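Asker: I'd like to ask you about the structure that follows.
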Amino acid sequence: MSRGDMAKPLLGHRSMEGDSSSTPAAGRTIGVLGSGDFARSLAIRLVCSGFKVVVGSRNPKRKANLFPSAAEVTFQAEAVKKTDVIFVAVFREHYSTLCDLADVLAGKILVDVSNNTEINHHKESNAEYLASLFPACTVVKGFNVLSAWTLQSGARDGNKQVLLCSNNQEAKRTVAEIAQVMGFTPVDMGCMSSAREIENIPLRLLPAWKIPIFLSLGLFLCFFTYNLIRQVIHPYIREQKNKLYKIPIEVVNTTLPCVAYVMLSLVYLPGVVAACSQLYYGTKYRRFPDWLDQWLQHRKQIGLLSFFCAALHAVYSLCLPMRRSHRYQLIEMAVKQAVEKKMNIWVEEEVWRMEIYLSVGIIALGLLSLLAITSLPSIANSLNWREFSFIQSTLGFIALVISTLHTLTYGWSRAFDENQYKFYLPPTYTLTLLVPCTVIIAKVIFVLPCIQQRLLRIRRGWEKGRYVKFVLPSATGEFSSGETSSNV
């Protein structure tokens with residue numbers, strides 16, 4: 001899971017939080033045009049932050065009781081005259097109703113907070129459209145990525161970032177100062193051409209999660225079908241036994257750890273592929289293929305989904321003894337033992353296997369929990385790079401090794417039992433070992449001094465076939481420079 005995903009701003013642009021400009025004085029008057037939910041939440045937040053708020057409405061008498069008592073609700077023309085910074089909290093299709101105010105709006109800063117109902121619904125962004133209607137005004141796009149709930153709750157809930165863009169740096173700085181006083185973190189997204197990108201952000205549903213979710217669902221369906229054939233269809237065809245009752249709990253519980261285990265290995269596999277690519281080409285400056293680049297960027301989400309499946313597996317496993325079918329099987333086994341007059345059925349090997357299996361599984365789940373917690377931005381930002389790298393890389397690899405031990409202990413010697421191969425299909429856990437064992441073996445190879453040193457040199461800038469300068473001490477103790485090929 002890469003550090004960059006958790007530490008960088010929402011879109012990787014610089015934050016304006018450290019701007020040296022002074023914050024606006026308490027009591028500055030801010031205008032709000034509109035009377036919807038967002039306009040009301042915005043007015044509440046501004047009042048709580050110490051601003052004087054003037055709300056412009058076409059029906060001020062009817063709307064006055066919806067706003068805090070400290071906010072002045074008046075007609076739009078009167079509100080515009082009393083302030084130089086105005087939040088336009090109306091829909092795009094209603095921008096034309098403000099054209100009558102063009103004269104009094106001239107020279108003022110308009111903050112466009114609108115969003116679209118569809119991605120790229122119009123040829124130009126709402127902010128650019130507003131700027132074209134009021135060329136004498138300065139338009140700043142911002143606050144559209146915040147919800148009404150976040151505004152009412154303040155910066156302690158929801159996303160703290162406010163994305164801003166404008167062609168006027170001074171106007172953008174003024175709005176950024178207002179955002180800071182409100183308790184949010186302004187992020188400079190550049191000029192007005194970025195408005196379309198900012199307006200599309202609230203419309204995207206988990207953009208970084210689509211590929212990991214589809215990957216986990218695909219793995220789940222594959223393993224579920226495989227386990228269904230082995231645990232339900234095979235007994236029905238070979239022994240005419242109805243095992244459909246196993247589907248809701250037992251088959252799902254057999255599938256979840258397979259998905260969690262493979263997904264965890266897929267977090268570290270792209271790093272292995274990237275290292276092999278760097279070793280093969282002898283440089284770190286060669287661009288990775290797009291599929292590998294996307295894979296590296298989605299490691300955080302893949303890891304969190306792995307933890308989710310592992311947590312579900314733990315809950316399902318705890319529920320196994322609660323099933324009615326399990327109780328019937330215990331009673332049947334007890335009756336069978338009584339009929340056969342078996343007084344002791346203790347199997348030492350099975351007892352030790354289960355004890356080790358559960359213990360290792362608990363440790364693996366604990367490490368996965370630690371990885372999931374430290375991937376959260378609030379926790380990750382409190383760690384330095386070495387601490388974060390140790391947890392996500394070193395402890396993550398340890399978690400993969402322990403998960404492998406958990407799987408091997410589950411299999412024990414049953415992998416060599418021919419009765420486990422139903423329809424000549426190997427047990428599911430043997431299939432899940434392929435990718436993780438590949439990752440573990442590759443990691444062990446990379447630890448070898450000859451491989452590790454070469455990879456370290458490449459990541460520090462060394463390139464195969466490039467001539468580099470070097471400095472050697474002379475016989476007198478002085479240093480002299482020379483030149484040689486880095487191939488040597």
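Glycine residues also receive a Cβ, built from the backbone N, Cα and C atoms like all the rest.
Pulled these from TrEMBL:
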REGION    1-24  region 'Disordered'
DOMAIN    29-116  domain 'Pyrroline-5-carboxylate reductase catalytic N-terminal'
TRANSMEM  211-229  transmembrane segment
TRANSMEM  259-281  transmembrane segment
DOMAIN    259-401  domain 'Ferric oxidoreductase'
TRANSMEM  302-323  transmembrane segment
TRANSMEM  356-376  transmembrane segment
TRANSMEM  388-409  transmembrane segment
TRANSMEM  429-451  transmembrane segment
Asker: Verify whether three or more Cβ pairs under 8 angstroms connect the transmembrane segment (429-451) with the transmembrane segment (302-323), leaving out any pair fewer than 6 apart in sequence.
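Answerer: With fewer than 3 qualifying Cβ pairs, these stretches do not touch.
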Asker: Which range wins on Cβ pairs under 8 Å with the transmembrane segment (259-281): 211-229, 356-376, 388-409, 429-451?
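Answerer: Comparing 211-229, 356-376, 388-409, 429-451 against the transmembrane segment (259-281), the winner is 429-451.
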Asker: Just give the helix, strand and coil counts over the domain 'Ferric oxidoreductase' (259-401), going by DSSP.
Answerer: 120 helix, 0 strand, 23 coil
Asker: Mean pLDDT, the domain 'Ferric oxidoreductase' (259-401)?
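Answerer: For the domain 'Ferric oxidoreductase' (259-401), the model's average pLDDT rounds to 93.
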Asker: Same chain only, please: residues at least 6 beyond the ends of the transmembrane segment (429-451) with a C-beta under 8 Å from a C-beta of the stretch. Say none if there are none.
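Answerer: For the transmembrane segment (429-451), the list is 223, 226, 257-258, 261-262, 264-266, 268-269, 272, 275-276, 279, 397, 400-401, 403-404, 407-408, 410-411, 415.
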Asker: With Cβ-Cβ distances below 8 Å as the criterion, list the same-chain residues six or more beyond the ends of the transmembrane segment (211-229) that contact it, or say none.
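Answerer: For the transmembrane segment (211-229), the sequence-distant neighbours (Cβ-Cβ under 8 Å, at least 6 residues beyond its ends) are 247, 251-252, 254-256, 258-259, 262-263, 266, 294, 298, 301-302, 305, 309, 422-423, 425, 428, 431-432.
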Asker: As a quick check of your reading of DSSP, tell me how many residues in the domain 'Pyrroline-5-carboxylate reductase catalytic N-terminal' (29-116) are helical, how many are strand and how many are coil.
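Answerer: The breakdown for the domain 'Pyrroline-5-carboxylate reductase catalytic N-terminal' (29-116) reads 39 helix, 23 strand, 26 coil.
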